[in-house]
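First comes the structure, then the notes that go with it.
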Amino acid sequence: MGILKGKKILITGILNEKSIAFGIAKSMYKQEAELIFVCQNKKIINKIKYLIKSINYNTIFFCDVSHDENIKELFFNIKKVWNNFDGLVHSIAYCPKKQMHEDFVESSSRKSFNICHEISSYSFLSMARECKNMLNKFSSLVTLSYLGSQKIVSNYNMMGLAKSSLEANVRYMANSLGKNNIRVNAISSGPIKTTSSYQIKNFNKIQKIHKLFSLTKNHVSSEEIGNVAAFLCSDLSIGITGSIINVDHGFNLNGINSII
């Protein structure tokens with residue numbers, strides 16, 4: 001029996017077959033979760049339906065998380081399908097491309113700062129607030145972060161700030177929602193080739209360096225992220241909350257490596 005048998009999980013952020021959220025969906029489906037998907041663009045709903053046709057799911061919704069009223073409407077509609085559920089996977093982020101290709105200080109603006117934090121961090125808090133009364137005991141909220149939240153990663157720039165905000169969100173949300181027996185965690189993933197990651201200047205170099213200095217000398221896969229997300233949404237992780245879990249083949253541990 002799968003570790004998510006009987007669990008209802010909401011997954012956001014699938015864009016295409018390269019999306020980390022798609023890897024998470026496949027892992028959770030293997031573990032027998034019941035799934036609903038949320039996408040951010042109405043134009044790609046049919047494309048996503050085709051992509052996930054091999055995955056048994058309830059339905060797919062659209063939500064523009066930059067508007068609180070849309071988030072309220074999303075959970076109003078979800079309640080028509082699920083009165084209660086057990087988990088939310090937040091795989092949503094956005095940063096203007098310019099911020100990942102030019103000098104951080106010179107290219108940063110109030111507008112880019114606000115939209116990057118609003119979509120990448122605040123949306124997690126807003127979704128949690130709207131759905132908390134629908135969540136079963138020991139439900140799990142999971143989001144995705146990256147090393148650039150804590151360390152300098154070339155060209156990650158404004159997204160690094162937003163991921164720092166997101167990780168702080170995880171801690172404070174875990175504290176606030178703990179009294180409701182709701183757990184909140186983040187997975188800090190190694191670099192994976194996705195449509196979004198290719199917006200980062202010199203991403204291929206970043207990925208090569210990651211493989212060279214990871215402890216196992218391997219790239220991270222979306223399946224590996226999916227397996228950890230499935231664990232975090234299962235009862236096997238019932239004692240884990242407020243944590244940032246690194247899934248990067250140990251890259252985050254490295255200082256001056258003997259390979260030099």
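Please read every residue number as a count from 1 along the shown chain.
Backbone N, Cα and C define each Cβ position, glycine as well.
Swiss-Prot names Gly13, Ser19, Ile20, Gln40, Asp64, Val65, Lys163, Ile192, Lys193, Thr194, Thr195, Ser196 as NAD(+) ligands; from the candidate set Ile78, Ile92, Ile238, the record adds Ile92 to that same site. Tyr156 (active site, proton acceptor) has Lys201 nearby among the recorded positions Ile20, Asp64, Ile92, Ile192, Ser196, Lys201, counting only those with a Cα within 10 angstroms of its own Cα. Counting every protein chain shown, 15 other Cβ atoms lie within 10 Å of the Cβ of Lys201 (site 'Involved in acyl-ACP binding'). Comparing the Cα of Lys205 (site 'Involved in acyl-ACP binding') with the Cα of every entry in Ile20, Ile92, Ile192, Thr194, these being the binding-site residues, the smallest distance points to Ile192. Of all the recorded positions listed here (Asp64, Tyr156, Ile192), the one with the fewest other CB atoms within 10 A of its own CB is Asp64. Recorded residues Ile192 (NAD(+) binding site) and Asn204 (site 'Involved in acyl-ACP binding') have their alpha carbons 10 Å apart, per Cα-Cα distance.
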